[in-house]
Amino acid sequence: GNTAVEVREELRKAKENLFGQNRSSSNGHVVFEKQQLELDSVVEETITGDYALIINGHSLAHALESDVKNDLLELACMCKTVVCCRVTPLQKAQVVELVRNYRNAVTLAIGDGANDVSMIKSAHIGVGISGQEGLQAVLASDYSFAQFRYLQRLLLVHGRWSYFRMCKFMCKFLGYFFYKNFAFTLVHFWFGFFCGFSAQTVYDQWFITLFNIVYTSLPVLAMGIFDQDVSDQNSMDYPQLYKPGQLNLLFNKRQFFICMAHGIYTSLALFFIPYGAFYNVAGEDGQHIADYQSFAVTMATSLVIVVSVQIALDTSYWTVINHVFIWGSIATYFSILFTMHSNGIFGIFPNQFPFVGNV
């Protein structure tokens, strides 16, 4: 198939630049190396990635033994290319597990036949190629496509976009979820100092129920599906853009604590600014207007607007769906707010609005 032709072409090009030396012994070990170098001297050299290793299935069976498999892994990681030929399905899976377990690396396996299923399942990411050898590999994989050449686009474009959308600091999916929930939850903590740490919540029960389900769910969903920092063509033209994902630079412990600090700061502003605004405020008739209902609604409104504007500011790629979800969520909040606090709803469900006492 296409895979075999492409592999053969790559090996033909490699043969023009590499001088192979066949190392064999009575027990069947065979090693091909670039130039006539001893293994010990190769290991001692600076890792440059200019070596190639080719090993067949019979030799691989010995190399995967417990006493020498670490040496095999060390040598393989120094090579630019490693080719394991005429190997069994079990050996394919063992090679993937060796790299996965001992190098703590994210592995990807790609195959097009039933003999690749165990290898695909052993890797973190399995890719199946649909073709003449059936759909076993496709059914066992996480991703599938028709031609091997699509792997480049899967990694450099869709793989990079996926990491960017999930982990980009402060707004992309994970970061935004942490941020908005820190801002939402910690307001209750600050309120506890003023309510004697009783069971009283700072928001009404309907807002608590709808905040994550209705008011803030759709904008982050649109972010996770559509956002991109550069176009697909630029991702293909500049492969170095893939490097931050390999090094996990966009979401790590440091970024998590920064995200948490941002959420704490937002919660402080959301609570104490309305508190200061309502503190010792009296109306024209001299009556106190800082009731619990006004305070709760003010903070809830501020929270919805702040987290919606935050995700809008950090959106890199706007679509019609982004606009509808973000601004529509704010409009939905005000629609529900006016409906739930109308005299008609209050007359029907008076027990659902337990606003009592002062701040």
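Using N, Cα and C of the backbone, Cβ positions are placed for all residues, glycine too.
Residues annotated as domain 'P-type ATPase C-terminal' in TrEMBL: 138-344.
Counting only same-chain residues 6+ beyond the ends of the transmembrane segment (173-194), those with a CB under 8 A from a CB of the stretch are 165-167, 200-203, 211-212, 216, 220, 223-224, 251, 255-256, 259-260, 262-264, 266-268, 270-272, 275, 299, 303, 306-307, 310-311, 314, 359. Positions annotated as transmembrane segment by TrEMBL: 173-194 (among others).
If you look up TrEMBL, you'll see 206-226 (among others) marked as transmembrane segment.
Annotation comment: TrEMBL describes 256-275 (among others) as transmembrane segment. Sequence-distant contacts of the transmembrane segment (256-275) (same chain, at least 6 residues past either end, Cβ-Cβ under 8 Å): 169-170, 175, 178-187, 189-191, 194, 202, 295, 298-299, 302-303, 306, 359.
Taken from TrEMBL, the feature transmembrane segment covers 295-313 (among others). Taking Cβ pairs closer than 8 Å, the transmembrane segment (295-313) reaches residues 170-171, 176, 179-180, 183-184, 187, 202-204, 207, 211, 215-216, 219-220, 223, 266, 270-271, 273-275, 277-278, 326-327, 329-330, 333, 337, 341, 355, 359 in its own chain, all 6 or more past its ends.
Here the transmembrane segment (325-349) has Cβ contacts under 8 Å with residues 206, 210, 214-216, 218-219, 221-222, 297, 300-301, 304-305, 308, 311-312, 315 of the same chain, all six or more residues outside its ends. Positions annotated as transmembrane segment by TrEMBL: 325-349 (among others).
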Looking only at the domain 'P-type ATPase C-terminal' (138-344), mean pLDDT returns 86
